[in-house]
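Heads up: the structure comes next, in structure tokens.
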Amino acid sequence: MGDWGFLEKLLDQVQEHSTVVGKIWLTVLFIFRILILGLAGESVWGDEQSDFECNTAQPGCTNVCYDQAFPISHIRYWVLQFLFVSTPTLVYLGHVIYLSRREERLRQKEGELRALPAKDPQVERALAAVERQMAKISVAEDGRLRIRGALMGTYVASVLCKSVLEAGFLYGQWRLYGWTMEPVFVCQRAPCPYLVDCFVSRPTEKTIFIIFMLVVGLISLVLNLLELVHLLCRCLSRGMRARQGQDAPPTQGTSSDPYTDQVFFYLPVGQGPSSPPCPTYNGLSSSEQNWANLTTEERLASSRPPLFLDPPPQNGQKPPSRPSSSASKKQYV
């Protein structure tokens, strides 16, 4: 096997900008795929062609039967699977690096604009444009990029591509080899003169390895699907929170009708502490309220001394009498 160190370093950088499910997927890829294949792959499949024997001495028959039995070696097929499945993740890493470099350039440009002594309209407009561009790049407090906006689209697309590629390679493995390694392969292909029986070395061990890689592939596929569900739920929750923030009701005291559910009281007025308080306005009709106002005015008039004394009557004239209470009451009714 070749050196996987470079690919591991690249995928390790992706782990810093992935979700929890994405980190688990990378762990499965590192430990149960690349590491196991690198350690045990050569020892299990190293004798794949050398120990493939057929019961014929016809020159070239063994080679053509091996080609028919294994169109591509299992171990090379799995290496191609790892490379293709990792490619969408590397594309996402490229987008992360691009946004990180862009955010650094925007911060540098913002610092240069703020350092200018004179603030003319052009500088203000340029600074506002830089701030708008920086607002599109969401950076956490620890310096990691948040998966939002365009980065979210790239991440979802990468997970979708990984799922499709994973399912495609699993289907291809089933079509090419099946899920078991048969100990005897029957071949009929030119230049073989007749049906030839070919024998595979250590078929049981290879069957166990095939099943192990199949289970790991299914786990990776399930993790990709779970990550899609996780991303969908995250997007829906953010949308619901944003909608609730827009549709939030106004705070108490800011109602459009300032007199809603308010009761107005009249202060009690009387000659002594035992005087009954005046009833509320909301509890009386208009006629009853007028009568109550009239009674209050009469009490006030009787308790205050007159401000001006009337002149004595002359020539036998009678002093003008007060208007009758009935006439006064009529004007309030």
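Glycine too: its Cβ is placed from the backbone N, Cα and C atoms.
Residues annotated as compositional bias 'Low complexity' in Swiss-Prot: 323-333.
Among the features that Swiss-Prot reports, region 'Disordered' is placed at 292-333.
If you look up Swiss-Prot, you'll see 1-20 (among others) marked as topological domain 'Cytoplasmic', on the strength of sequence analysis. Per-residue confidence over the topological domain 'Cytoplasmic' (1-20) averages out at a pLDDT of 69.
As annotated by Swiss-Prot, topological domain 'Extracellular' applies to 41-76 (among others).
The annotation topological domain 'Cytoplasmic' is assigned in Swiss-Prot to 100-148 (among others).
For 166-207 (among others), the entry in Swiss-Prot reads topological domain 'Extracellular'.
Residues or ranges marked as topological domain 'Cytoplasmic' by Swiss-Prot on the basis of sequence analysis: 231-333 (among others).
The transmembrane segment feature in Swiss-Prot is assigned to 21-40 (among others).
Residues or ranges marked as transmembrane segment in Swiss-Prot: 77-99 (among others).
Positions annotated as transmembrane segment by Swiss-Prot: 149-165 (among others). Sequence-distant contacts of the transmembrane segment (149-165), counting only residues of its own chain at least 6 positions beyond either end whose CB sits under 8 Å from a CB of the stretch, comprise 18, 22, 81, 84-85, 87-89, 91-92, 95-96, 99, 136-138, 220-221, 224-225, 227-228, 231, 235.
Per Swiss-Prot, transmembrane segment is recorded for 208-230 (among others), and the stated evidence type is sequence analysis.
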Tally of residues which DSSP labels helix, strand or coil - the topological domain 'Extracellular' (41-76): 17 helix, 2 strand, 17 coil
Same-chain residues near the topological domain 'Extracellular' (166-207), Cβ under 8 Å, at least 6 residues beyond its ends: 44-45, 47-48, 51-56, 58-62, 64-66, 68-72, 74, 77, 80-81, 84-85, 214, 217-218, 220-221, 224
